[in-house]
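Enquirer: For reference, the structure I am asking about is given below.
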Amino acid sequence: MLLPIVVLVGLPGAGKSTIGRRLARALNTELVDSDELIERATGKACGAVFSELGEPAFRELEAIHVAEALKSSGVVSLGGGSVLTESTRELLKGQDVVWIDVPVEEGIRRTANERSRPVLQAADPAEHYRNLVKVRTPLYEEVATYRLRTNNRSPQQVVAAVLHHLEID
């Protein structure tokens, strides 16, 4: 069975999709984004699907598409909350999983005005984001083989760090 070259995880706004696209280009391979698989399957934006189904049903649907994405031999980018599902965490065992770890204040800044992410909709978005950090950090720690802190790094520097981790530089 083929395994992805690398799987990217991290909070909303961490830059998984941006880094994934650039990394796939650098490796001359495909990017499979689990959020895009959901959007293709439903014909709707992920945020709309999340709002319509509610989080538990969305996570079930997401787990199906994560399993599909992990059959790729390229770069895989997972939705920020995908690690909440135990079956996804099990599937990530044995994979090279890079946690794109964005500083909390940067993540808040990047997602503050995004209406397309219902998981972040709250009376106090900054406090809600901090709560996501608290809940998800132990799960990212569980699945990640490499934690890449993006502090003050450009996307090019993050890609270079992932390539170095993969010993492809």
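Placed from the backbone N, Cα and C atoms, the Cβ positions cover glycine too.
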Enquirer: According to Swiss-Prot, Asp35, Arg59, Arg136 bind substrate; identify which of Gly13, Gly15, Gly80 is listed for that same site.
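Expert: Same substrate site in Swiss-Prot: Gly80.
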Enquirer: Measuring Cα to Cα across Asp35, Arg59, Gly80, Arg136, which the record gives as the substrate binders, how far apart are the two most distant ones in Å?
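Expert: Greatest Cα separation within the listed binding residues comes to 18 Å.
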Enquirer: What binding-site residues among Asp35, Arg59, Gly80, Arg136 are found with a C-alpha within 10 angstroms of that of Lys16 (ATP binding site)?
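Expert: So the list reads Gly80.
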Enquirer: Starting from the Cα of Ala14 (ATP binding site), work out which of the binding-site residues (Asp35, Arg59, Arg136) are within 10 Å.
Expert: none
Enquirer: What does DSSP say about Arg136 (substrate binding site): helix, strand or coil?
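Expert: Helix, per DSSP.
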